[in-house]
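If you look up TrEMBL, you'll see 22-43, 64-85, 105-128, 149-169, 208-228, 249-275, 281-303 marked as transmembrane segment.
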Amino acid sequence: MSKKSIFGNQTYMDLEFKFNTFPVYFALLPLSYVLPTVFIVNYTIFVYLKHWWRKKVAIVNSQIFLVVSMAHTVNLLSFFFDYLSNRFPATGMMTSWCASNNHPILLIFILTSHFYLDYLAMGFPFFMSVLRLIFMVYPNTHKQVINKLLRIALPCIAIYPIFNTFFMFPATGECRQLYPPYEFGAIFIHYYGEIAGLSNSPFLLANIAFWMGSTISINLMVIFLVAQARNRGSHHVQYKSRKSRRAELSVTLTTFAMILSFLMRGICLILFLTFPSLASWLAIIRPLGSDAEVVVSPWVFYLTHPAFRRNKRQSTITVGYSISLGSGGRK
């Protein structure tokens, strides 16, 4: 990837956009699966609001749905700003404009927003796992515990990305040329003038390692506690309805779908740091890994959770141990 800005370069200013190119088709590809995902995320929020307003608790745990809805919304916003900073500029559609007009504040806003939302999205899989653990440890008072946790954790999750993007606040955004296999005129948004010459890659790698390791550790702990409770024949593990078990499985699968994205992004980042010459090729592969979290997690949740199934009979009150994550049965 080039380290020179294209601003003021007459060759780029005179460039004419061509539709029939690989970057254009590659940029159009996500629309086929992201637009349906937007509908699914909106429907998830609708289900959450409907049950929260009507105070229904037979299937839907409003706390779980709140966190899931926030996680999926943040992922969609992260996709949008990632699209603006990478895939859309690579089409060449904004090359002439970027070479002719100097808008450093707008460009750095797009890039910083992408990084901020990317870090923000990393906290939700861990938070989901902590909620699972709370359901297990506090079977009778988990609602009160989670409500207190939400008031503390959500502001912290919103603030922590600032400590990973602070060095970009005084930076200036600019457009640069992508190297082959991209053609001339395919650009990306980058920055310069950051604090102490800091780079985003070490921060990103450290966060991926921390959040992935922490999330996996919490989930292994939950699995161990569940197995232990079942082996002991605990009274908390009795009488779970079919919907309760499906809801539990749904949230488990959704959490692991979120974890999968850590692995894919981590592999791409390590390859970039180890083989910088592959940067342009990784610019093609990396977005697909990011899209996995944006798309797979909402669809897994939608296709597996009983709250999205219309049944004539409502689920009966369940007595399940606290890990009945998607099931807010009365205690």
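Quick reminder: no glycine exception, Cβ is built from N, Cα and C everywhere.
Within its own chain, the transmembrane segment (64-85) has Cβ neighbours under 8 Å at 27, 30, 34, 37-38, 41, 44-45, 47-48, 51-52, 110-111, 113-114, 117-118, 120-121, 124-125, 127-128, 131, 150, 154, 188-189, 251, 254, 258, 287, 290-291, 293-294, 297-298, 301, 307, 325-326, 328, counting only residues six or more beyond its boundaries. Note on the transmembrane segment (149-169): residues 63, 66, 70, 108, 111-112, 115-120, 123-124, 127, 130-131, 134, 191, 194-196, 198, 200, 203-204, 207 of its chain, located 6 or more positions outside it, place their CB under 8 angstroms from a CB of the stretch. Contacts between the transmembrane segment (22-43) and the transmembrane segment (281-303): present, as 3 or more C-beta pairs lie under 8 angstroms, all at sequence separation of six or more. Of the recorded ranges 105-128, 208-228, 249-275, the transmembrane segment (281-303) has the largest number of C-beta contacts under 8 angstroms with 249-275. Among residues of the same chain six or more beyond the transmembrane segment (249-275), those with a C-beta under 8 A of the stretch's C-beta atoms are 64, 68, 71, 122, 124-125, 128-129, 132, 201, 204-205, 208-209, 211-212, 215-216, 219, 282, 285-286, 289-290, 292-293, 296-297, 300-301, 304-306, 325-326.
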